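Enquirer: Structure below; questions to follow.
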Amino acid sequence: MALLLLRRGGGFAAATVLAVVVVALVLSCGGGAEAAVRDLRVGYYAETCPDAEAVVRDTMARARAHEARSVASVMRLQFHDCFVNGCDGSVLMDATPTMAGEKEALSNINSLRSFDVVDEIKEALEERCPGVVSCADIIVMAARDAVALTGGPFWDVRLGREDSLTASQEDSDNIMPSPRANATTLIKLFAGYNLTVTDLVALSGSHSIGEARCFSIVFRLYNQSGSGRPDPNMDPAYRAGLDSLCPRGGDENVTGGMDATPLVFDNQYFKDLVRLRGFLNSDQTLFSDNAGTRLAVRKFGEDQGAFFRAFVEGMIKMGELQNPRKGEIRRNCRVANAPAPPPVEAEVAATSKAVVLVDF
């Protein structure tokens, strides 16, 4: 059950993991915050907002028609949300004078995008069912639809999440891996959430759609591991193409497809890894640096059905990571709801009491 309660992050030492578990237990016993592990289920909004999933799907379809890349960007939000204190919509929150938001975390700044698509979905849902559908659930539904709309599998999502009241840039910095991450680091990260090597490789297949910046790969092209040379685990012809896309000293915000078919959700990503054509180091390492992940890469490259089944299983497992702290249903996904004013009756009673004390 610890999987559903709290993040694992900030390193993988046993003492850190133990401390996190202790905090989770304290929270579940009422120390410092109310435990709020929610019962997620398919059809959660069937009565309260029956068109919720259709609204999400239709908005995602329009976003894709407007900009094909946008749906992949929205799908990424589930990963960057759920791995940091559970699937609670915290990644959507804007920074405030008293809170450094997760959007400014090292792995997110100038990288995560298409927040406007989530805003559009939320606005449409608030018009139909005000105060009912959480931003956290929107992310999970939209991620599923991003896959289905681009040729991947469709699956039922369990819903009923609440939105967090805060975000944590520090937690995001401590948890989310960099594009330089190797297979060993990624395996440890996923294991902290009870996600297997198969889950890791399958979920990495989310890079079947979308693009990434030159910023994320220039070290592979010109200074892998401080060697002053390119990554040896890269097909020469592919590297030449990337050299042209991302020249030394060039614009690092230029983007390239993360596989050869970046608009179609398929198993081409794994075929590319076998051919040493992975865009990110954290992708190519799954084939080049670890026997266990290499086996899964080969399997998914040869059997798209197996990839789709494993991907769905991994998305469901990741989507059910929860934040134990009590949340809310945000009216605006970017900010926490304003505290409700006290009831008028309470104000009157307090004033009357104060008058009596003075007279007495």
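Using N, Cα and C of the backbone, Cβ positions are placed for all residues, glycine too.
TrEMBL lists HIS80 with the feature active site, proton acceptor. The feature Ca(2+) 1 binding site is assigned by TrEMBL to ASP81, VAL84, GLY86, ASP88, SER90, GLU102. Under the heading substrate binding site, TrEMBL lists PRO177. The heme b binding site feature in TrEMBL is assigned to HIS207. According to TrEMBL, the Ca(2+) 2 binding site annotation covers ASP259, THR261, ASP266. Summarising the annotation, TrEMBL assigns disulfide bond to CYS49-CYS129, CYS82-CYS87, CYS135-CYS333, CYS214-CYS246. TrEMBL lists 39-337 with the feature domain 'Plant heme peroxidase family profile'. What TrEMBL records for 1-35 is signal peptide. The site 'Transition state stabilizer' annotation in TrEMBL covers ARG76.
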Enquirer: Using the recorded Ca(2+) 2 site (ASP259, THR261, ASP266) as reference, state which further residues of the same chain have their Cβ within 8 Å of the centre of those residues' Cβ atoms, listed in sequence order.
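Expert: In sequence order, the nearby non-listed residues are SER208, ILE209, ALA260, PRO262, VAL264, PHE265, ASN267, GLN268, TYR269, ASP272.
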Enquirer: Within the same chain, and leaving aside ASP81, VAL84, GLY86, ASP88, SER90, GLU102, name every residue whose CB is within 8 angstroms of the centroid of the CB atoms belonging to the recorded Ca(2+) 1 site, in sequence order.
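Expert: Not counting the recorded site residues, we get HIS80, CYS82, PHE83, ASN85, CYS87, GLY89, VAL91, SER164, ALA167, SER168, SER172, ASN323.
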Enquirer: Which has the fewest other CB atoms in a 10 Å radius around its CB: SER90, THR261, the listed binding-site residues?
Expert: THR261
Enquirer: Please determine which of the disulfide-bonded residues listed here (CYS214, CYS246) has the lowest count of neighbouring CB atoms within 10 Å.
Expert: CYS214
Enquirer: Around the C-beta of VAL84 (Ca(2+) 1 binding site), how many further C-beta atoms are within 10 angstroms, looking at every protein chain?
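Expert: That number is 30.
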Enquirer: Excluding near sequence neighbours, so keeping only residues 6 or more apart in the same chain, what lies with its CB under 8 A of CYS87 (disulfide bond)?
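Expert: GLN78, ASP81, ALA136, ILE139, VAL140, ARG161, MET318, GLY319, GLU320, LEU321, GLN322, ASN323 - these are the non-local Cβ neighbours of CYS87 (disulfide bond), listed in sequence order.
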Enquirer: Looking at the domain 'Plant heme peroxidase family profile' (39-337) alone, can you tell me the average pLDDT?
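Expert: Mean per-residue confidence for the domain 'Plant heme peroxidase family profile' (39-337): 96 out of 100.
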Enquirer: Fewest other CB within 10 angstroms, which one of the binding-site residues ASP81, GLU102, ASP259, ASP266?
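Expert: Ranked by other Cβ atoms within 10 Å, the binding-site residues ASP81, GLU102, ASP259, ASP266 bottom out at ASP266.
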Enquirer: Which of CYS82, CYS333 has the fewest nearby Cβ atoms, counting only those within 10 Å, among these disulfide-bonded residues?
Expert: CYS333
Enquirer: What whole-number Å value do you get for the CA-CA distance of THR261 (Ca(2+) 2 binding site) and HIS207 (heme b binding site)?
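Expert: Here the two Cα atoms lie 10 Å apart.
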Enquirer: Using a 10 Å cut-off between Cα atoms, which of these recorded positions sit near SER90 (Ca(2+) 1 binding site): CYS129, CYS135, HIS207, CYS214, ASP266, CYS333?
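Expert: Of CYS129, CYS135, HIS207, CYS214, ASP266, CYS333, within range: CYS135, CYS333.
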Enquirer: What number of additional C-beta atoms lies within 10 angstroms of the C-beta atom of CYS129 (disulfide bond)?
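Expert: Around the Cβ of CYS129 (disulfide bond), 16 other Cβ atoms lie within 10 Å.
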Enquirer: Express the distance between the Cα positions of ASP266 (Ca(2+) 2 binding site) and the residue listed as 'heme b binding site' as a whole number of Å.
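Expert: Given the Cα positions, ASP266 (Ca(2+) 2 binding site) is 10 Å from the residue listed as 'heme b binding site'.
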Enquirer: List the same-chain residues at least 6 positions away in sequence whose Cβ sits under 8 Å from the Cβ of PRO177 (substrate binding site), in sequence order, or say none.
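Expert: Same-chain residues close to PRO177 (substrate binding site) (Cβ under 8 Å, separated by 6 or more) are SER107, THR185, LEU186, LEU189, SER282.
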Enquirer: Measuring Cα to Cα, tell me the gap between VAL84 (Ca(2+) 1 binding site) and ARG76 (site 'Transition state stabilizer') in whole angstrom.
Expert: 13
